[in-house]
């Protein structure tokens, strides 16, 4: 029976997800994760495995952590695997993999999945299955609380399905790092493997849809930019020499006040927030340094850019106003790219063709930001087509919460929908 | 009796003061006043009379009114005098006179008096002597409410005294316009007549000292800068296109907020105020124009400059922040210049030499700003000496109030103190 | 021929519009306008004519001008009409009329039209027909630049049509004052005549639709609130006593800065603007008074209220912050009320039933604020139904511009659509 | 020889200073210090030793650290001393001692010294004598970098001198905790031992005067208030629900902006600074908590209070503006109290009476804040007299720096000047 052979065994899928769940690593620190994906891909006999600068453009990475953070995770991965050959290539935050399966002439089809985890401490409660079944995070303080463990499984499982089949063309799977930081999408979209992709599928598990529900096209991702801002002034004793400082706190205040007052935009919704501020002098010292973490969003890429540019202008002029220097570091960014109608139809057919049990939502709004959109945009700009699929998983707790989990049945559903959809364009 | 001949008759002095009181003219509009001073100087047979660009540097005038205001006062003066020869030279806000009396070799001594009036409506009450005695202002809405009518009288009377006497050297009287605007001092100090002055006297009547009190040196004038600021942005409909405007009101708010927060200065007291703000659009239109009148002061010239520069920086960066243009017009400025000890001694001796009735205060603080300081500074920088004298006048009401007046006895006291002091350095 | 008798003669309609166009009066000053409407209604023999407090709730009027403005317009109307009986009842800004036509048992149908003009100087150019044809505004500086002259004509014409016909029920026409101020709608909706209305029609001419186009339901009016804000502090000399003032400019700045920073709202679009600010002291005087005109909007009534409440909170707390008093005067307000489907259908049928020439748009967005919504809401809350109709008029220039005009053919189209629609519910 | 016996041996003084230097403890944590002072006082046979609530008013303590900080230092002191009897009474931040020596009828004379250290890491360089001579701080990160080790020595040494002498009256020494926090002065001035003091001496070593210089009266301490401010709002997701938060960062910004804009004061200099700000949410979360550390100063107590009250008003109204709660904790405060002329004369005489080597400055300005002023004010208000003496010590490095040290010769000079001055009023 074809359907049997198309999907890998459910046991394999669960096994993969379980292991990756146990070893969550944050963005650009997915060293062990990258090694393990490479090992599985070798196992699956894919034609090409690209890592490091071969997988994505290092200069476009955003939000790469400080060296000491990278080192700590790297050391950990070194102690847990034997693949120094791989590790050496990905040292310094060069995680991520692109796998390629080739089978003669034909279109190029891509699948993008993300692989990083979150800085959330996983629940140890009995009603949280990963805890009660013994595959809770072993990296205390970090957790696959958004389902990227399932996404890696989708990637490996879909390759396993597709590779067994007779098809013409090329199949690429993008294992993208640092999605939670909105830091890896742009880098992978700027890498060497996206340009010839004719059809791209992305997928997300969970999203509060029940198991068995599939959304053929998730649209309306909010475009987002995240910035870390530092004002540098000059200290002085506030009592003795109030005019001799260059007050970084005053610069920050002036910027922040005006950033919040950025005009609304006629074209649609915008957002702005300053969640973190910091200056750390004694009360009697004029601050020589103040920092802020700022986030803006827009209903469209243009609206996000309007807000991002306004923040930058406000920061720079406020610094100048108070004779400080300002540094703005873009630490994450995503855009909006809606799904292509043809692929939405294709996925819809895949879902409805199936004899039983799946429930189709053609299109729905993705109430979040997602840097898969960079890859979708790159494909679209090259004349290709892309869609972003939702795979319901009856998650018992919201994404980014300590009890996030998914119904494992969703793993095989995801792999089936993805591999069938991929094969429809490869055959 | 020498003292008789030294001073002009009290009747003359009262007559002068009475006439100038009747015809108050605001800064740079003292057209009639200038004509009448010239006529009196001709009467007194002074050697040189300089007006227009011969009297002061036109490019350094601050706060010159709009053309229509100048014209109105000019037309008025034309209708009230027959001296088109003088008027033509001072048209367009070129008021003021420098009178020179020469008598062979010797030092050059100067006297500076100011000639402009205020936009204050004079009291018509019976207890206000100019009203009850029939010499109330004929220019409704304007008034010599600061005693500059007396100052002109000091200037003319002192010339009349000095010119009769046997002396060696040169005596110059600077009839300075636009003091109330702090607009004429810098221009006259930049003119052609100050550079060779060895000793300069300035004088102010009233100042809440009783008649008979003379202050030999008034110090600690607050340095001051006044600026008119205009922000130019772009209108847009606030409901339909909130992002399409460039909001001049937001620029003004950002500037104003930070201007008030300009740091205190270790060297001494500073002041800042924004007395006037204006933007005049309908509530639904994003303002394309907003204006403010800003004033800063400092205990020293440097402190005023510190504040003035801060205002300018805040205005320019706030404009840039909101993508507006800003124009800053310096409409008035004064500095601090304290009195020279030698001249304070000289005036003190003049006062105490007198047989009777005068009460001496050697030095006191001038709790105001005064642009005579520019002339004093110019003299000082050239190696000369200067002092600014207070002549008590028992003013029944404060300066700049509708019932300001002075005891006319102060006129002859002032002329006597000034002419004797001048002659001490000319003989 | 029915259509002949249903509509009044085109000549009558043009005559009405021409006269009202000539005598534009601003909100709450429509004294002559009210008199003339009363006279025409007497002519038409309507059953009841309500004016003054009989027409609307005086306590709910917003944006009523100062007494001197009211008086000026009142005097003018007194000199131009002979109806002191009417004028005495509407003195003091009690303009507006409700006309009632009764014909036995049956439903009550209402028509709401607005009657005020704008403070815009009408073009005198030859290409502006009211100018070239001699019916340009005689009240210089004021103009029917939004088509309310046509709306009055719709009101009178529809009565003339309806009154001739055989029907059962009651027909009321609300001639509402002060729509441009968003000041009369709430007052008329709180008056004694709206409660028994079962069906309400409103109408607007122009709106950039060509003549012959009719929109059966104009939805999505932005809810709006306009506020005049005054901060009262205390003056002090900024140089001598900087701490002794209570600075109204600082209070305004603090309020304004935070008003612009009012958070966006998840439920939809919001707007905020401060078009006018003013403080009028000399630069050296701490301002004891500062004013601002503020406008907020929301995609829904609730969103407007969210913004309005935020403005009020910011104003009050900023005043307290700077030890000032604040007064907030709501000068205009409108809500959102979308059209009822049944009446949209009814108007659509009226339009499409007509043999020729009209072009129907079922629903469209009204990109403006409109206080007819208060009457529509009142009817709806009482279980009635309401719609707001657009009558295209090929306006050559935008609303609120000096060359606004309409194609007079739209007058008879409007009257026909309205009277037929009204009669459909009365018969 | 009297002078020999009046002063304790230099060796004793050095020994005391050396030991206290080794064990620096921060404000309210001077547990070991208090124990050791008590032990020395027992050794000296003073009549009364008051500690805990007997020494100062616990409710007036400012800036008491968190419980865990107190505990850590308490445990340390417990392990280093055997005096649980003392420790139990001072547990929880009740440090400080008042020592009383009585000798029949007569006036009451007081000496106030302070005992706390600073959170500064002491230099380990060879050119820093405490390091090279082996008495560097053993509490890493803390240091007697302001000379309070010398002040304790002054206190003990002066008792040792005075107690040997024949005198009539009462001598009290106030060993005040938490001066660096400006936290202990008010509490000790509110305690039970100040009210009957007729003459009070305070003293400070160093202050950049050379050894041998004594200042009989240090005036013009800046009054100061330090506040920790917390804004509590409510979190919300900045992208999904921007209106649902109550933004503590916005409240802080509004407060800070206006705090910096607090008007200058006519009466003299004021200062304001916000050295520390903090909010610690992710960029996409509206901050529910933000904190600031604020310091204000004034040339007089009233000016400090003017600024302190303004900060409080701005904080409270800004919180209300953004629907947050604000908590303001006064963590330190000092006032201005100038020295009494009679005591300045007395100390001057003491200095000049001495046969040799001391250099007298009658009065100088104390360019710092000092909470000894509370005790001086309390004495003055009760009709007594007080002065604050400077004892030069040729400090090689500024106060509050890692290499602060003093010439040990200053110890015996200080004790001599203090004990002779004290005895002049006791005899």
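Quick reminder: no glycine exception, Cβ is built from N, Cα and C everywhere.
Bear in mind that TrEMBL entries carry predicted annotations, made automatically and left uncurated.
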Let me know which member of B:94, B:204, B:237 TrEMBL also records as binding Mn(2+) at the site of B:146, B:148, B:180, B:400.
B:204
Other than B:146, B:148, B:180, B:204, B:400, which residues of the same chain sit close to Mn(2+)? List them in sequence order, counting a residue when its Cβ is within 8 Å of the Cβ centroid of the site.
B:114, B:116, B:118, B:144, B:145, B:147, B:179, B:399
So, by DSSP, how many helix, strand and coil residues make up the domain 'Peptidase M20 dimerisation' (B:224-320)?
33 helix, 36 strand, 28 coil
For the binding-site residues B:148, B:400, the one whose C-beta sees the most other C-beta atoms within 10 angstroms
B:148
Please classify the secondary structure at residue B:148 (Mn(2+) binding site) using three-state DSSP.
helix
Which secondary structure state does DSSP assign to residue B:400 (Mn(2+) binding site), in the simple three-class scheme?
coil
Are there any residues at least 6 positions away along the chain from residue B:204 (Mn(2+) binding site) with a Cβ closer than 8 Å to its Cβ? List them or say none.
B:147, B:151, B:218, B:366, B:370, B:388, B:389, B:390, B:391
Is residue B:204 (Mn(2+) binding site) helix, strand or coil when read with DSSP?
strand
Looking only at DSSP and grouping its letters into three states, which state does residue B:180 (Mn(2+) binding site) belong to?
coil
By a simple count, how many Cβ atoms lie within 10 Å of the Cβ of residue B:146 (Mn(2+) binding site), its own Cβ left out?
26
